[in-house]
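Written out below as structure tokens is the structure these notes cover.
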Amino acid sequence: MVKSQRNGKKGAKVLSRKEKRQSEKEEMDSLRQRIEEYNPEVDEASIKHFSDLPITQNTLRGLKECSFVSLTDIQKKSIPVALKGEDLMGTARTGSGKTLAFLIPVIEILLRNDITEYDGLAALIVSPTRELAVQIFEVLAKIGKYNSFSAGLVTGGKDVQYEKERISRMNILVGTPGRISQHLNESVGMETSNLQVLVLDEADRCLDMGFRKQIDNILNHLPRTRQTLLFSATHTDSVQDLARLSLTNPKRIGTSSDQDISAIPESLDQYYVKVPLNEKLDVLWSFIKSHLKSKILVFFSSSKQVQYAYETFRTLQPGIPLMKLYGRHKQTSRLETTVKFSQAQHACLFATDIVARGLDFPAIDWVIQVDCPEDVATYVHRVGRSARFGRQGKSLLMLLPTEEDGMLKRMKVHKIEPKMMNIKEKSKKSIRPQLQSLCFKDPVIKNLGQRAFIAYFRSVYIQKDKDIFKVDELPVEEYAASLGLPGAPKIKIKGGEINKEKKNQSRKLLQLSKADENGELKEDDDKPAKVRTKYDRIFDRKNQTILSEHYLNMTKSAHGGKDDDEDEDFMTVKRQDHELVDDELPDLLLPVSKRQAKKALSRKATLASKGNPTKLKFDDDGVPHAIYELEGEEDFEKAGDAKQQKMEFVQKEQEAMKITDLADREVERQKRQEKKRKRKEIERRIREEEWDDGSGMDGEDLPDLERDMEPTEAKPKRTSNWFDDDDDDNDGGDEKHGNGKPPVKKAKSDSKYVEFEEPETLEDLESLAATLIGN
């Protein structure tokens with residue numbers, strides 16, 4: 001009876017599994033049919049909630065737990081098209097839900113293709129920044145927790161070896177271009193032949209020059225039969241970029257209001273203010289002091305400016321928590337700052353453009369742009385951190401008088417018209433005296449100020465739009481004074497038209513222009529005298545130790561060990577590269593360029609132009625022949641029939657192989673004997689160690705080794721002798737003392753040394769000490 005009940009339960013379990021698999025199969029078939037029958041023009045109006053989409057129940061369950069119920073415009077238009085397997089280019093406002101627009105199709109496509117953990121990588125999601133990659137991975141983990149996929153996050157700043165050991169088991173991989181490219185080159189287990197979907201979030205940033213090398217490397221490893229999804233707030237129309245991605249008839253998806261204007265949220269209030277360069281920090285300080293109950297995000301153009309503003313404002317204590325976030329930061333610190341700012345109710349974050357794209361900081365009240373963005377697209381992404389998902393938000397852009405006209409014209413083309421804001425003089429407070437005091441007291445703050453000054457001017461110099469960014473019209477001294485610096489630091493910007501002209505000039509003409517009438521080189525007196533600073537004098541100090549010039553000259557190592565003392569030279573070079581009287585003389589001039597001099601000193605470079613060497617051998621008659629000379633046809637026929645020569649050659653080689661085989665067998669036999677001898681030696685040592693300990697060894701405790709050879713008998717243990725002599729070694733006998741006293745030392749009167757073994761008792765030590773004192 002019990003057995004029948006068990007069989008009944010087992011049968012019910014098997015039946016339930018079959019029914020479950022059958023129901024899942026029927027569900028997937030119905031979803032495929034709904035996706036194939038979907039018509040965007042007809043069915044788009046009927047889709048308002050996630051439950052109306054042709055997606056699985058597990059995905060709906062995860063969305064419901066995360067409180068995702070209604071669809072946004074970009075989600076309503078892009079998800080059904082992506083589910084049909086078509087390439088997609090999605091453009092929508094910032095904060096409109098683009099992350100779910102590509103995560104849901106990724107999960108559903110993998111489910112329809114029956115991807116398991118044993119199928120390897122099936123979906124790759126690329127993000128331009130680490131913070132955005134972390135945010136995408138967190139959303140994926142929440143909505144896909146009821147599915148059986150394995151997902152991984154790979155970004156810079158983490159342990160590469162830890163990721164390599166687990167990356168082969170990932171079905172969905174989220175990461176930054178640099179780390180994904182590194183794993184494709186180095187990780188053995190990262191196989192991309194089964195890849196189904198490639199997603200580029202913030203596609204225009206991923207495809208620009210900053211990530212060109214990494215993206216090209218990633219695309220070279222991926223199969224062409226994949227589905228590609230591109231999402232961004234600002235799209236790219238570059239034919240070259242789209243050709244790199246190998247898109248096949250991509251569908252362009254954009255909300256109705258995004259077709260002709262940029263993706264600025266409607267609930268965002270935009271303002272701009274015209275501020276001189278030397279008053280920017282004063283305006284920023286006054287703004288923060290008047291908005292202590294707000295959540296503020298401040299953008300600078302360089303990380304050095306972020307560090308300087310953070311350190312100085314933190315010292316001045318405005319009354320609101322301050323944070324900083326920029327690229328050259330440890331990954332742990334960046335994540336901590338991101339989490340703290342997301343959870344804070346009132347805070348101020350100084351950041352660079354690293355947080356301008358994709359990051360979702362909840363409830364940001366103000367976005368302040370202290371420095372002008374490089375283009376309108378950067379402006380759109382910056383202000384998009386506020387007014388997300390229909391919330392209210394405000395933005396403020398600080399423009400210099402030289403930047404106002406050009407930037408407003410660029411923004412007007414994209415139908416962006418911020419309102420002008422006037423700042424009352426009584427509400428503006430100057431912090432220049434405090435900054436000067438900080439720079440005077442703390443050298444670290446002063447150094448940060450100098451680096452921030454240089455970084456700002458370099459950022460303006462490298463901008464492409466010269467109608468907006470005019471570096472020549474910037475007030476240098478006034479800006480340095482506003483940072484609290486005693487003077488403007490010297491800015492060294494590499495490149496420029498002067499360097500290009502020097503590079504294109506002929507080296508010989510340049511050298512001839514420096515020669516006088518006699519052809520001798522003259523020094524350039526036009527160069528201004530170099531100003532020697534305190535730091536130059538510190539680094540130019542002569543060493544007074546063994547590295548001093550005097551010591552090196554004494555050891556003849558100051559110039560590579562060569563003896564080139566000027567007093568001993570009787571021939572000196574007066575001039576070079578001058579015309580000789582006799583034109584028929586060979587060219588024996590010194591090399592006029594560094595490249596020629598390097599080639600002359602390099603043996604490898606000298607031999608490169610001489611061709612390959614030839615080797616000859618001489619026969620008995622003294623006729624030379626090439627060492628690898630082929631035999632002629634006539635000589636071959638003289639030797640006899642070809643078949644006969646073949647048989648003779650084979651027979652000769654067989655005899656040689658027999659001799660070689662005998663030698664190999666002998667070597668193998670010697671190796672076996674040596675291995676056996678070592679094994680016996682190990683066995684003998686083990687046995688001796690056990691006997692020395694006095695415990696002995698039972699037969700069952702001995703190692704199971706072969707006993708082909710007779711075991712060597714262990715030497716009997718010698719009785720301890722404390723003081724021996726050369727004569728005692730010849731006797732070979734042991735003396736026993738019944739009184740327990742140590743034996744009397746037997747040594748020659750003229751012996752200078754005392755030989756003894758290790759004492760074991762207190763009496764032995766006393767006897768040894770007495771003997772040593774007597775000697």
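Our numbering is plain: 1 for the first residue shown, then up by one each step along the chain.
Using N, Cα and C of the backbone, Cβ positions are placed for all residues, glycine too.
Copied over from Swiss-Prot, here are the features:
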- 1-30: region 'Disordered' (REGION)
- 1-12: compositional bias 'Basic residues' (COMPBIAS)
- 21-30: compositional bias 'Basic and acidic residues' (COMPBIAS)
- 48-76: motif 'Q motif' (MOTIF)
- 79-253: domain 'Helicase ATP-binding' (DOMAIN)
- ALA92, ARG93, THR94, GLY95, SER96, GLY97, LYS98, THR99: ATP binding site (BINDING)
- 201-204: motif 'DEAD box' (MOTIF)
- 267-439: domain 'Helicase C-terminal' (DOMAIN)
- 633-760: region 'Disordered' (REGION)
- 637-671: compositional bias 'Basic and acidic residues' (COMPBIAS)
- 689-703: compositional bias 'Acidic residues' (COMPBIAS)
- 704-716: compositional bias 'Basic and acidic residues' (COMPBIAS)
- 723-732: compositional bias 'Acidic residues' (COMPBIAS)
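Non-local neighbourhood of THR99 (ATP binding site): GLN135, ILE136, VAL139, ASP201, GLY358, each in the same chain, at least six residues away, with C-beta under 8 Å from its C-beta. GLY95 (ATP binding site) has a Cβ environment of 23 other Cβ atoms inside 10 Å. Under the DSSP three-state reduction, GLY95 (ATP binding site) is assigned to coil, being neither helix nor strand. Taking DSSP states H, G and I as helix and E and B as strand, the motif 'DEAD box' (201-204) has 2 helix, 1 strand, 1 coil.
A simple way to gauge crowding: the CB of ALA92 (ATP binding site) has 25 other CB atoms within 10 angstroms, across all the protein chains here. Secondary structure by DSSP for the compositional bias 'Basic and acidic residues' (637-671): 32 helix, 0 strand, 3 coil. Broken down by DSSP into helix, strand and coil, the motif 'Q motif' (48-76) contains 16 helix, 2 strand, 11 coil. In sequence order, ILE74, GLY90, ALA92, ASP201, PHE231, SER232, ALA233 are the residues of the chain that are 6 or more apart from LYS98 (ATP binding site) and have a CB within less than 8 Å of its CB.
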